[in-house]
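What Swiss-Prot says about this one:
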type     : residues : note
ACT_SITE : Lys78    : active site, charge relay system
ACT_SITE : Ser158   : active site, charge relay system
ACT_SITE : Ser182   : active site, acyl-ester intermediate
Amino acid sequence: MSKLNELGLAEARDALRAGETTSKDLTEACLTAIEEAGVLNAFVHHTADLALERAAAADARLAQGAAPAMCGLPIGMKDLFCTKGVASQAGSRILEGFLPEYESTVSQNLVDAGAVMLGKLNMDEFAMGSSNETSIYGDVINPWRRKDDEKPLTPGGSSGGSAAAVAADLCLAATGTDTGGSIRQPAAFTGTVGIKPTYGRCSRWGIVAFASSLDQAGPMTKSVRDAAIMLEAMSGHDPKDSTSADLAVPDFEAALSGDIRGKKIGIPKEYRMDGMPDEIEALWQTGIAMMKDAGAEIIDISLPHTKYALPAYYVIAPAEASSNLARYDGVRYGHRAKLDQGDGITEMYEKTRAEGFGPEVQRRVMVGTYVLSAGFYDAYYNRARKVRTLIKQDFETVFAQGVDAILTPATPSAAFGLGEMTDADPVAMYLNDIFTVTVNLAGLPGIAVPGGLDANGLPLGLQLIGRPWEEAELLNTAYALEQAVGFVAKPQKWW
């Protein structure tokens, strides 16, 4: 057996049930790996004592033979999920010292499934970013490096800590959230698997809100099978979230046959962007050929409103963020600015929010407030909502024609260097989401799967987009792609 922390969820689960290892051993192996990987800055709140306590409880359950799905499996939790009594800061100064009195539904579902939380993972502040450079905790460093180059690279964002931790084998899997690509883009940058389920599949209750009509939690794992196992544990109806779907959760793992013969895979012409790197185009063509070889039927499709997706997203998401983030005022919890004598409530709000929010969050709050203002509401926000409806209708039309899944690149490039894009126009950074935002706007499930390595030895990802509520079929298509790619590369340990 490989090192315990290098196992995936499925292998570790089988080893636990066969009595070949214990949750305590798995957890200790991960805690050691986390200690050795401090330079990656992936974990920001450590819960070693809690993890060992839960591991002991899991071992007791396993000994009785009544173990739930993820019993004894050590995972990381993105800092956006509220965890009872454990710091939950959303990567922001404004939530300094916040210890929730409650557990998010998704993290509670994982606890109920027997998972062992190792700690909280770094992320872009309030999930706003594509490179994990907006975090109050500092940058996360991608465990992958370019050939013969020691320059630190981004793991992507906003779930950069989750992606880096899974890629570096610091945990068996991790939770992420995806508002415009924040699970799929980091997964593509780190050679891991990340699925954003259909909007409403996982409860949003207890997850710090960015854009409520777009946010969705999902797993980041080492394989498609692991994603199926963890997504099932995370999912389920929650009466505390009005957008949570009252639907039965399928056995996602049982759907993984790898047989996609006769399935129709759509290839959208609008995703062939001007200036798309040759390596991304070649990766896409390879993916198409693999799907064909597996027996799928390839169909050219059109999603005509794709070019408006990014502008619409960057109106809707900041608008919802400006509304959601209005609650951080320094009154009830989190950071409160020191006030000068004579300062009133208005000065307290101003100073607290100026000190508590980083520049990217401030930028998006300003944009959001602007597009919601009386003079611009119709010109920007309402127009963006109409575009969103058209984007959704594009997908509905394609799926009505019998298309089962859509194959696209996950990102327009491999991981870039830290600092490379922070000095550029913010729009250049936003372009990282070009292949992923449509999926959030339409509320569809999307999964990123490793597709190979670029010339510099960095991972590149392919994205599959599925029909709403058909994650089981999407995971099976992704499983077939994963089998065809045969991606086994791991980052060389330098940390």
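From the backbone N, Cα and C atoms, a Cβ is placed for every residue, glycine too.
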Around the Cβ of Ser158 (active site, charge relay system), the count of other Cβ atoms that are within 10 Å: 35
Under 8 Å by Cβ from Ser182 (active site, acyl-ester intermediate), same chain, sequence gap 6 or more: Asp124, Ala127, Ser130, Gly157, Ser158, Ser159, Gly176
For Lys78 (active site, charge relay system), nearby residues of its own chain (Cβ under 8 Å, 6 or more apart in sequence): Lys120, Leu121, Met123, Ser159, Gly161, Ser162, Ala174, Thr175, Gly176, Thr177
